[in-house]
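Engineer: To start, I am sharing the structure in question, which I have written as structure tokens.
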Amino acid sequence: MSDFLKRLFNGQSGQPEKGGAQGAVPKEAFSLVLDFNTKRFEDLFRYPLNSALKRRELRIPSVNRRAVVLFVDGTADSDKIAEQVIKPLMEWKAGRESADHLVDELKNNVLTISGRETVEDLNQAVAKLIDGSAVLLIDGENQAIAVDSAGFENRSVAEPTREIVIKGPKSAFVESSAINHSLIRRQVKDHRLISETMTVGTQSPQNISVLYLSHIADPQLVENVKDKISQADRDAILTLFQMEELLEERPYSLFPSTMTTERPDRAGSFLLEGHVVLLMDNSPDALIAPITFWSLYHTAEDQFLRWAYGNFARLIRLFALFFSLLMPAIYLAVVTFHPEMIPTDLLLAIAASRERVPFPTLLELLLLELTFEILREAGIRVPTPLGTTIGIVGALILGQAAVQANLVSPLLVVVIAITGLSSFAIPDVGLSVMTRIIRFTFVFAAYAMGFIGIALVLAVLLAYATSIKSFGVPFFAPLSPHMPSSRDLLFRPIIRKQWLRPLSMKPRDAIRSKPEGGDRQ
Amino acid sequence: MIQVSDGKIGTREFFSILYGMMAIRVTDSTPNLLHETGLTAAWMMPLISAAVLFVPLMMMLSLLKKGDTDTDLLQLLTELTGSILGRLITFLIFASVFSSTVLNGRSYGDIVTVMYYPDTALLIVMTLLLGAALYISHRGLEAIGRTALLVVPVFMVTSVILVLGVASQLNFLYLFPIAGAGGWEVIKGGVGYSSFFADIIIVGVLASRVRTFEAYRKASIWGLWVPAFKMALFLAVFVMIFDYPAVRNIAYPYHHLTRMAMIGSLANHVEAFFLALWFIGAAIHFATYLYISAYLLGKLIGYPPYQRLLLPLAGAAVVLGMMPENHLQGDHLRKLLLQSTSVFFLLLPALLWGLDRFRKKGKR
Amino acid sequence: MRWNGWKLGMVLVILLLVSGCGERRELETSAFVSVIGLDKAEQDHQVKVTFQISNPQVNTTQSAEAQKEPPSDIVTITSVDLLSAKELAQSSLSREITFSHLQTIIVGEELARDDLFKHIIGSAIIDPEMRRETIMIVSKERAQAFIHANKPTMETRPHKYYQFMEDNWRKTGFSPVSNLNAFFQRTEGELFLAAYATAERDPIGIRHDDDYSAGEVPQDSGDPVQMIGSAVMQEGKMVGMLNGEETRISQLLRRKNLIETMTAEFPDPLNENYQISLVLNQSSHTEIEVDTDRSPVKIDVKVPLQVKVNSNIALEDFTASQKRRDALREMVKEKMEEASDSLIKKLQENYTGEPFVWYATARRNFWTVSGFENFEWGEKFKEADVDLHYEVSVTSFGEQLSPPAFKKFEEDK
């Protein structure tokens, strides 16, 4: 069916445009002039726009030459560089002949750090830089020395608590922005990963970093996000979550237009699709903008598991989403409007158990639903050792007692329990809370008009959801409106087939790889 | 680089809108009209209608192609027939769109109150239906298209499931005698009721809102034939399950069909599920109709913020829809409307095409 | 503008919730009718409608079990039609009657044979609550008495009983699967077979195999109800009866057989003292060809039949030679054709029409509907030449290679 439809409509999927101006690093040799070399590095890393590239200028006293040490913030260990590169250089007493073979001399006899090699061209040097090495450039030499100073900041990185996976990386962002930068750079080793720093808060200024891949992300989008940030005119913005609400286009809407993730690998994959990632000190999360429904519906694990397993998980989650939204409403509609839908045996059983319940089904349902919501809220607030107890007390004893006291009918307990479980299976907190709130709308619609009520609310909800945009990207893109993409939507294709970035993000470079394996671009 | 939010719609969205406008006719009293005329051969009539309409559609497409990408039917009208006649024709299109909104709205309300909720006031059903349609159309053509695109694949799949659900109860021999009321009668009926698919001409007014001409062409060709085939399939299924002449007496065969469908042996009373899907479809259907009505009225009276006309039009549709005493009166009016507009929509593109030819010759 | 929209929306929603919708009904306030019985009343143009209403508190769930209540409540109302009877029943019933789980309609034979019946059933189907897949059964006695007498031990809840019985029909073929949809398909003279049942025993002694009508099957103890054979309905009126065997054959002669398998007795071709029970089923559709150009009309019917020998009371060994097997096949063919011919003869003599849906095949030969209507199929069928032909194949001889060898000893002695 889908193939048929695809062929039917393939008219619009024009050839995606090829990447922007910045291609890969040219394989050029170094020049003899230090300033020229430095400039080229700066251009490549978009210094000073990108604050990632750090430089330390110095003069080597013994030979009286200028030199520059370059490294990428967050990937290199600056202590190591100071201690084992710069200090020996400053303290070196040169012999006479050493000036002729300065590079070799420095490499072999001066630098105390263990890993070091000469690099001949820019391409190699950039690769080293991104891997965490520091590059030493010396005036008058057309070679550079790369020293292995890799020190990704990985101290005290915790495990994720919200986005747990069974298979896959288990590091999460922490409260330090520097560590978070480092975590992202470990995932995305690309010199075009731009990290711009902006300041927010008029009274107590805080740094906020805007990360994006300059060859993929739509410049207009980046500009848009930066505008939004600079418009956030508050005395103090303490965390990323406040920033999130200030960035929102529709603060009253139930539908989120940004999301946060605590997984660096997830942030990395968003960067690769052309999204913008925001980091801030004191916030153990990365803020992603823009987002679509699919960002909320997918989890990191879908791509880590094998194709069938990952898609099975997605199918289950799709069911969970529908159950969570509609289950109580459908129960109410079926029981009060369409009893013919229930098999006769079950119908009689429900009717029998309802005979002694004094409330109408709506009240019964709201009572139990409210209890469940209180239970959930209480479960978060109570001290951890008590948390599990509350769950057991609430679910088992309260449910059983309520049935025995004829407050609710047993089937309704099952319905509410399934609904509650389903809402836990929804990966994103925003989406989960949203479905819990909308669920009540459906319940009232079902109470008023049965299935017709549900249908109309669903139609209106869909119309709303498809027409909202997050930073210009429609909520259900690229499914509706249809845009060319790898169709990583309700289900994912195998990774080899995910060669196209979703065009709804207006990526500057839409193609991840050649459609059928082959050479990488 | 593809512009994301330019207010235009693509092939799939436009196709979904057309599907939502036309394929849903299977579920209302349309099959009754066709069975009345074609008897056992009613299933051929939608195909004949579509074939007959295909010619004017091609004429209109050739006219639209000549202009730049922003040409639509209204512009063609003003250009070719002049301002006054153009307005008159615009008014006629508006009248036919709006009156079919009113009559169908009433018809859908009747289906609900007759088949499902006999104790509910018709006014409530109609208000809710048009209220939801009003909201959807208020979100704009983009929203209508995207919502339709999300649900239309579901409709297609559930239609197939529905047919499979009754497959064991079908007897293809009931389709005979093959020519039903007689070959000539069937062809005449097919031409006479071709305005079931006249929406394909009407949406010419939205041509400039589709991203490219190629997208418009592709979507409108598929959007004509897919609903026509669906209608043909269901008309055949109705005859195969209820047999002629019983099928003539059944008021809304689609809804009886959903009652008889069994999905396995587990769930045999699933009509409420189909009711919900049908009503989502109905909301989108009326949203499209309201939108086109408002758009046309806006152009007609020279009032650019036509979105503000949606609310009064929806209100008028409810009030006018309440006027017929019962669904038979409404159906009678509907039949009249269909037959009178058929000729109009068959001839309109031909007229424009002729004028275009004439002008060109004049220029030479 | 935006805020006004919100306010208007809220007002509408509140209005809707307050006014609501008349449909809403809590489950425990509804009375679910599972069986309806229709009878002729003493007065003209009046019917006695019997509602059998399931009692949810019996045999459904442990938590709400009421031990001493009967499983169903049976109410009979005399009225002009079903709809007004439904309303009148409310005078004694506390819960509102709904037909949403109605499965079975039982019609007393007396009413079925009356002209009134088609008016009653024809007006009942107008009510949207009536479903076209409801099963129709004709009872020999009054439907009211039938419903009262039917107290199956296994299925205390009536809907279960009828549901299982109807499943049974597809296996045995003793009764036709007769729902209202098929009834309304054949309103123009074609014959419709409705299941025939009774709760009165009327043993007529031992007959050959399935030659029984309802009530005649020799049975001791158990539920009094027997469902076998069928009532022949024409133009909404009962005009005759078929017994079990005839019902089965009429199912086989349809293009699309509705029976899965059935077991029937035949005389043993090798030993005339014994009968042999064979399992019959069809592997493909029955082929029907109708020649309407000829006068009288010629109908060719080819019935493919598969036979399995699952019992062999004469203990004759069919596996021994091809000749014996051929004898078996010939015997089945002969007996079936004989029985079918006599059924068709009976139909042609007594009725103007046939219950085999052959009219649908005949319609293929016509170009227009009016052409077929003018042809008067029913009358033509009366004179038609029916050429019946069974194609029998024996597919299995059971799980024993040959019958046990008792017989040999007998002969030796």
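Cβ coordinates are placed from backbone N, Cα and C, and glycine is handled just like the others.
When I checked TrEMBL for this same protein, it listed these features:
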TRANSMEM  B:41-64  transmembrane segment
TRANSMEM  B:84-103  transmembrane segment
TRANSMEM  B:115-136  transmembrane segment
TRANSMEM  B:148-170  transmembrane segment
TRANSMEM  B:190-210  transmembrane segment
TRANSMEM  B:222-242  transmembrane segment
TRANSMEM  B:272-297  transmembrane segment
TRANSMEM  B:309-324  transmembrane segment
TRANSMEM  B:336-355  transmembrane segment
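Please situate the listed features within the shown structure.
Structural biologist: Sequence-remote contacts of a segment are chain residues at least 6 beyond its ends whose Cβ falls under 8 Å from one of its Cβ atoms, and for the transmembrane segment (B:148-170) they are 12-13, 15-17, 19-20, 23, 230, 233-234, 237, 240-241, 257-258, 260-263, 270, 274, 277, 280-281, 284, 288.
Residues 7-11, 14, 17-18, 21-22, 25, 30, 33-34, 37-38, 44-50, 52-53, 56-57, 60, 64, 69-76, 93, 96-97, 141, 216, 219-220, 223-224, 227-228, 231, 292, 295-296, 299, 337-339, 341-342, 344-346, 348-349 of the same chain lie 6 or more positions beyond the ends of the transmembrane segment (B:190-210) yet place their CB under 8 Å from a CB of it.
For the transmembrane segment (B:222-242), the list of distant contacts is 14-15, 17-19, 22-23, 25-26, 30-31, 34-35, 40, 42-47, 49-50, 53-54, 57, 159, 163, 166, 169-172, 174-175, 196-197, 200, 250, 253-254, 256-257, 260: same-chain residues at least six beyond its ends, Cβ to Cβ under 8 Å.
Long-range contacts of the transmembrane segment (B:272-297) within its own chain (CB-CB distance under 8 A, at least 6 residues past either end) are made by residues 17, 20-21, 24, 27, 74, 90, 93-94, 97-98, 100-101, 104-105, 108, 112, 116, 129-130, 132-134, 136-137, 141, 144, 147-148, 151, 154-155, 158, 162, 202-203, 205-206, 254-255, 258, 261, 303, 306-307, 309-310, 313-314, 317.
Away from its own ends, the transmembrane segment (B:309-324) comes close to residues 98, 101-103, 105-106, 109, 122-123, 126-127, 130-131, 133-134, 137-138, 290-291, 293-294, 297-298, 303, 330, 333 of its chain (Cβ-Cβ under 8 Å, at least six residues beyond either end).
Among residues of the same chain six or more beyond the transmembrane segment (B:336-355), those with a C-beta under 8 A of the stretch's C-beta atoms are 33, 52-53, 56-57, 59-60, 62-63, 76-77, 80-81, 89, 92, 96, 99-100, 103, 191-196, 198, 201-202.
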